[in-house]
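Straight from TrEMBL, the features:
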DOMAIN    43-292  domain 'G-protein coupled receptors family 1 profile'
TRANSMEM  30-49  transmembrane segment
TRANSMEM  100-122  transmembrane segment
TRANSMEM  142-160  transmembrane segment
TRANSMEM  199-221  transmembrane segment
TRANSMEM  242-262  transmembrane segment
TRANSMEM  274-291  transmembrane segment
Amino acid sequence: QRNKMSNSSSITQFLLLAFSDTRELQLLHFWLFLGIYLAALLGNGLIITTIACDPRLHTPMYFFLLNLSLLDMGSISNTVPKSVTNSLWNTRAISYSGCAAQVFLFFFLLSAELYLLTIMAYDRYIAICKPLHYGTLLGSRACVHMAAAAWGSGFLNAVLHTANTFSLPLCKGKAVEQFFCEVPQILKLSCSDASLREVWLLVFGVCIAFGCFIFIVLSYVQIFRAVLRIPSQQGQHKAFSTCLPHLAVVSLYVSTGMFAYLKPPSISSPSIDFLVAVLYSVLPPAVNPLIY
């Protein structure tokens with residue numbers, strides 16, 4: 001046991017998944033990911049600037065959208081820059097503290113984003129189903145409290161997972177089979193039964209995510225019922241146009257995330273895991289500004 005513990009404490013760095021061994025493909029990965037990253041920063045940056053500068057957009061819906069863009073910029077900045085610099089310098093290393101920081105920020109930003117998408121569904125529900133109560137239920141103070149609750153819950157979630165994962169003794173090498181530090185991949189390096197604890201935490205996390213998803217679906221069932229009762233076609237169109245971007249973002253986010261964490265081990269291979277991780281960690285932040 002002591003030998004195992006000393007092994008774990010002596011790990012100073014992890015090795016991330018190399019995109020390819022050939023230089024040309026590494027450079028292709030560098031330019032492709034850099035392009036997606038810059039597009040995501042530009043798109044989300046434009047949304048943030050527009051909402052901040054235009055007083056007409058100082059409404060709950062756009063306040064939450066501004067928060068979503070901030071989270072998206074953070075989440076793509078957490079994983080992609082390290083991956084592209086590694087490709088450029090032809091290395092795989094990430095420091096132990098860098099890896100812990102990635103895990104922490106990953107959970108913090110992605111869970112805060114899920115809570116925020118749930119709040120945004122509530123915002124659309126009140127706007128369309130209870131428009132007369134909109135000003136009282138979603139005043140500026142209530143919106144700030146809701147956004148703070150989303151960020152705060154994400155932070156607590158991140159502390160829990162990061163502390164739990166990095167307290168495990170690791171004795172199966174230091175190669176993480178992913179282009180960023182991802183908990184399921186780090187658990188594969190663990191040699192203790194304590195990794196079950198983290199698996200239960202992940203299951204718990206999936207259940208919370210599922211709860212948020214059910215809440216969003218139920219909100220939309222109510223919204224669509226209300227919209228279909230609107231007599232004018234123009235009114236229906238306007239109501240749908242404010243809801244569909246949010247619904248598209250939620251679908252993209254939840255489907256990729258659930259596939260990543262609930263896919264059977266039989267279809268798990270480094271290339272499939274890599275593709276899935278790109279789908280849920282790189283694609284949504286880049287596509288969300290386009291959808292909106």
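Each residue's number is its place along the chain shown, starting with 1.
Every residue, even glycine, has its Cβ placed from backbone N, Cα and C.
Automatic, uncurated: that is what TrEMBL annotation is.
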Rank 100-122, 142-160, 199-221, 242-262, 274-291 by Cβ pairs under 8 Å to the transmembrane segment (30-49) and hand me the top one.
274-291
Positions whose Cβ lies under 8 angstroms from the transmembrane segment (142-160), at least six residues beyond its ends:
60, 63-64, 67, 103-113, 115-116, 119, 201, 205
Any idea what the model's mean pLDDT is for the domain 'G-protein coupled receptors family 1 profile' (43-292)?
88
Close approaches to the transmembrane segment (242-262) from elsewhere in its chain (Cβ under 8 angstroms; 6 or more beyond its ends):
61, 68, 110, 113-114, 117, 120-121, 124, 127-128, 184, 202, 206, 209, 213, 216, 220, 223, 227, 276-277, 279-280, 283-284, 287-288, 291-292
The transmembrane segment (199-221): which same-chain residues, six or more beyond its ends, come within Cβ distance under 8 Å?
111, 114-115, 117-118, 121-122, 124-125, 157, 160-161, 164, 183-184, 187, 243, 247, 250, 254, 257-258, 261-262
With Cβ-Cβ distances below 8 Å as the criterion, list the same-chain residues six or more beyond the ends of the transmembrane segment (274-291) that contact it, or say none.
17, 33, 36-37, 39-40, 43-44, 46-47, 68-69, 72-73, 75-76, 79-80, 106, 110, 178-180, 182, 245, 248-249, 252-253, 256-257, 259-260, 263
